[in-house]
Amino acid sequence: MEENNLIYGLELQARALTPQNGESNDVCFFIATNSLKPTNQLHLLQYDEEQGTIQSKIFEHALGEVWKLNSCPHDAHLLASVYNVQKGAQVLTQAALLTLPTNDSRDSNNAEPIKSEYIPWAKIEVLETAELGERVKTVEFHPSQEQTLACVVGNKLAVMQRAEASTRVVAEVSSGTSGTSGTKHLSPFTSGKWSHHHQGHQFLALHDTSIRAYDVRDTQHCAWSIEDAHGQFVRDLDCNPNKQCHLVTGGDDGCLKVWDCRMVKGPVFERSDHSHWVWSVRFNTFHDQLILSSSSDCKVLLTCAGSVSSEAPGTDGGDAIATGGLQERHKVLSDGLLQTFDQHEDSVYCAEWSNVDPWIFASLSYDGRVIISKVPKQYKYQIIM
């Protein structure tokens, strides 16, 4: 049985969840709704472990239904939203940067009463993506450069410099022609993420069943690739923040795979415990032997890949202590499935670790159910004792 799980319910459907990465003290998550109804919402959830409660702040997301959220690691008040907007008979996917109000800015507005049930935004900046394409997939904040964004739009990967208001396309997958009509058939990117390593110069993009790493300093410079990484679509990836060249992927074949980009012929670790598409995969940033995955089989799985983690015996001690600066080596659990969390009743599109507490994570299913869960104590104590 899951211990001390908390459930938070939304009135609308949802599929976007992200931790508040710039926050260093409180366990906080952003979630946003994905409804065709006029008013979508964004909720900032704060979890209090001692009280066993969830406090929420609710913002209106009037731009449209939200498909993806990312929070800025450099600014706790900034996040990127990818959303649908209807223009005539056409549905476009666009992106915006949303800035939460600080306490000071809210105090200065006390003279003007809020005429809504929602907290107003400090700023909404719609990104200029129309020239890149009609379908934004994700907007990713650079892990170390505050003003740099990567934007995946259709079959293009672009790097944006906010301070200079400049956008540069660094990669584009080619279009083919289909049928006798000769019409162009775009083969778009699925998603992507910055590498934590390689001096911040590489962006990892998902394309169909493959993974491609682009050096953003050049145009069309594919540093390395893993072709046919999954038997079907690759849905998500995550980089191991503590071990160079390691990443995890999840796909429509129901598999979770850990890769070493220096040895691309096959994964160094693989599990197929999900019975449907895997939508989300995440390394624990403190103990990367722990991997979280979520799927449209309505389950969240906690898996151990200790044998290929930075904490495995025989690995460089510098890798093992990269995040916390700890001198001792933690115990490595046996590889395999550790725990199944099955309290969701719909597809689980997101599962995210807290960036503050290594033992807490949140998951979100399409029916709007958010569950705050913990790593079972038996595994926690085995790792830290």
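If you go along the chain as it appears here, the first residue is 1 and each next one adds 1.
Cβ coordinates come from backbone N, Cα and C, glycine included.
Record features (TrEMBL):
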COMPBIAS  174-183  compositional bias 'Low complexity'
DOMAIN    5-301  domain 'EIPR1-like beta-propeller'
REGION    173-193  region 'Disordered'
REPEAT    227-260  repeat 'WD'
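Over the domain 'EIPR1-like beta-propeller' (5-301), the average per-residue pLDDT in this prediction is 90. In terms of DSSP helix, strand and coil, the repeat 'WD' (227-260) has 0 helix, 17 strand, 17 coil.
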